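First the structure, in the form of structure tokens, and then the observations on it.
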Amino acid sequence: MSAFIVLGAQWGDEGKGKMTDYLAENADVVVRFQGGNNAGHTVVVGEKEYKLHLIPSGILYNDKLNVIGNGVVLDPKALFEEINYLESLGVEITPDRLIISDRAHVIMPYHRILDGIKERARGNKDIGTTGKGIGPSYTDKMERSGIRVCDLIHKEVFEENLKETLEVKNKIITEIFGGRALDYNEIYNEYLGYAEKLRPFVKDISVIVNKKIKDGKEVLFEGAQGTLLDIDYGTYPYVTSSSTIAGGVCIGAGVGPTAITNAVGIAKAYTTRVGKGPFPTELLDSTGDWVREKGHEFGVTTGRARRCGWLDLVILKTSARISGLTSFAVTKIDTLAGLDTLKVCTGYRLNGEIIDYVPASLEDLAKCEPIYEEFEGWDDSIANARCYEDLPENAIKYLKKIEDFTETKVSIVSVGPKRDQTMMISEI
């Protein structure tokens with residue numbers, strides 16, 4: 001393969017960081033194409049644990065080029081905090097190993113302020129934002145009032161853009177929400193400092209990535225969040241502000257669709273989501289609590305407890321269709337060891353009709369009753385399994401059901417957080 005995508009097939013938190021790290025071993029380039037520092041990836045290498053938010057997971061290898069694409073919204077403060085964190089763990093970050101799109105939009109202090117103010121104003125209709133300014137930054141991008149990285153590193157352009165934009169933002173903050181105005185000089189001086197630190201990393205990434213593909217290099221596109229958080233195909237409005245599906249790669253990294261050869265959907269062996277919104281297979285009982293504790297289901301970025309439920313094959317089938325997935329990588333199947341019986345959702349009953357897709361309307365999704373098929377569980381710990389044949393027979397049946405229902409093969413199975421707790425069972 002030459003260019004392939006790794007993306008979340010559920011509501012995020014599926015283990016994309018680990019899978020990207022695993023697959024990056026054979027890649028030359030790793031590209032983040034959307035989202036911002038609202039994403040959280042945990043990668044375990046040996047005895048070390050790394051928590052990443054902005055920087056691609058390929059940074060943990062010494063010989064990979066890592067790319068932050070134009071579809072990402074970049075918080076310079078968060079970026080340099082992450083760089084310092086990684087360097088403290090012995091990871092070298094240089095312009096030879098990390099490049100940033102000159103077209104990426106910059107998260108400004110007023111984005112974070114407005115994110116928090118608007119969320120509080122929603123009251124009990126809050127959408128569960130991380131408060132990091134992601135949504136407001138994408139809003140400015142679409143309103144054509146955003147500041148891009150190429151603007152930030154040109155002093156005169158940045159000065160003019162900041163003056164115009166801050167005047168409007170301060171009116172919104174003070175006159176509509178009753179907040180305190182932000183100081184122009186304080187922001188200007190802070191971000192000029194970031195501009196100089198960013199400058200060596202800034203490139204036209206579309207030119208570089210396409211040349212790598214043309215030269216036959218292996219390019220891995222790393223998604224953040226998940227399919228059901230996509231701005232168009234997710235459970236709107238409880239979604240993120242970017243395109244998390246395969247189509248987002250073309251926009252967020254400047255490559256054409258014909259360049260993509262494979263798309264791998266990462267899916268937990270059960271389902272989780274953070275925040276509000278319908279969740280047909282949610283477990284609101286002791287089983288849900290058990291899965292949450294055993295699976296350590298707490299957000300990397302927010303620390304929030306994740307809602308847990310049975311595996312929903314309707315969601316996986318929807319993800320496979322929308323992104324043209326060529327295979328699934330199933331993670332955390334080890335978490336399910338010890339349950340006598342497992343349930344898998346194979347359809348929804350909505351207004352007397354059985355459907356096998358996720359409806360657009362939240363009201364309809366909230367009415368959906370899951371139709372379950374039961375499977376016998378397995379008692380054995382499978383954390384030491386290193387090939388398909390090491391898995392219990394019931395675990396293999398469980399994986400086969402995923403393949404049969406979604407008409408998409410399972411190519412990778414993960415049985416723990418470490419690199420070596422991963423088995424490739426077929427080509428992706």
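The backbone N, Cα and C atoms fix where each Cβ goes, glycine too.
Positions annotated as active site, proton acceptor by Swiss-Prot: D13. Taken residue by residue with DSSP, D13 (active site, proton acceptor) is part of neither helix nor strand, so it is coil. Every protein chain shown contributes to the tally, and the Cβ of D13 (active site, proton acceptor) ends up with 28 other Cβ atoms within 10 Å.
Close to H41 (active site, proton donor) in the fold, though at least 6 residues off in sequence, lie K16, G17, K18, T20, K51, L52, H53, S57, A224, V300, each with a CB less than 8 Å from its CB. Per Swiss-Prot, the feature active site, proton donor maps to H41.
Per Swiss-Prot, GTP binding site is recorded for 12-18, 40-42, R306, 332-334, 414-416, and the stated evidence type is sequence analysis. Sequence-distant neighbours of V415 (GTP binding site): residues of the same chain at least 6 apart with a C-beta under 8 Å from its C-beta are I333, D334, I382, A383, N384, A385, Q421, T422, M423. In the three-state DSSP assignment, the secondary structure recorded for V415 (GTP binding site) is coil.
G40 (IMP binding site) carries neither a helix nor a strand DSSP state and counts as coil. Under the heading IMP binding site, Swiss-Prot lists D13, E14, G15, K16, N38, A39, G40, H41, T130, R144, Q225, T240, R304.
Annotated Mg(2+) binding site per Swiss-Prot: D13, G40, in sequence order.
Annotation for R304 (IMP binding site): same-chain Cβ neighbours under 8 Å, separated by at least 6 residues, are V274, G275, F298. Reduced to three states, the DSSP call for R304 (IMP binding site) is coil. Positions annotated as substrate binding site by Swiss-Prot: V300, T301, T302, G303, R304, A305, R306.
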By Cα-Cα distance, the member of binding-site residues G12, T302, G303, A305 nearest N38 (IMP binding site): T302
Using Cα positions only, nearest of the recorded positions to T302 (substrate binding site) (G12, D13, T42, T130, Q225): T130
Pairwise Cα distance maximum in Å, IMP-binding residues per record: D13, E14, G15, K16, N38, A39, G40, H41, T130, R144, Q225, T240, R304: 34
Fewest other Cβ within 10 angstroms of its own Cβ, chosen from the binding-site residues K18, R306: R306
Sparsest Cβ surroundings (other CB atoms within 10 Å) among the binding-site residues G40, G303: G303
